[in-house]
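See structure below.
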C-alpha cells in the first residue's frame, strides 16, 4: 500500500530522529557529521559523503559498521545493523567527531 501525503504537508527530513528510513545520507563537512543523530530501519543502507578536505570514517564504537577511510570528496555506504538499538559512532582519525545511529 502506498500512502501519498497531502500536497501542503511537509515531509520530514531523511534521517531525522522521528523518521525511520530505508536509506539515508550523512554528510561530513567542517569536521562534523550532518546529521549527527539519525534513525533508520533495520538493515537500511546509509550513504556517507565526505565533503571535507581531510579523510574521515564513520565507524560504530562497537565496530558494527564502518565506511572505511573516505578520502576528500569520496562517498561510501554501509548497511545498518538488523538489531534495533542505539549505536554511537565516531571518525577513527578524529575521535572528537561523534554521532548516534538509532535502528528501529
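Cβ atoms here come from the backbone N, Cα and C positions, even for glycine.
The model shown is predicted, which means the values in this text are computed figures rather than measured ones.
Taken verbatim from TrEMBL:
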- 56, 91, 94, 97: Cu cation binding site (BINDING)
- 20-103: domain 'EfeO-type cupredoxin-like' (DOMAIN)
- 1-21: region 'Disordered' (REGION)
Cβ atoms near residue 91 (Cu cation binding site) (within 10 Å, other residues, all chains): 25
Output field, Cu cation shell: CB within 8 Å of site CB centroid, site 56, 91, 94, 97 dropped: 28, 31, 33, 54, 57, 58, 90, 92, 93, 95, 96
According to DSSP, how is the domain 'EfeO-type cupredoxin-like' (20-103) divided among helix, strand and coil residues? 0 helix, 51 strand, 33 coil
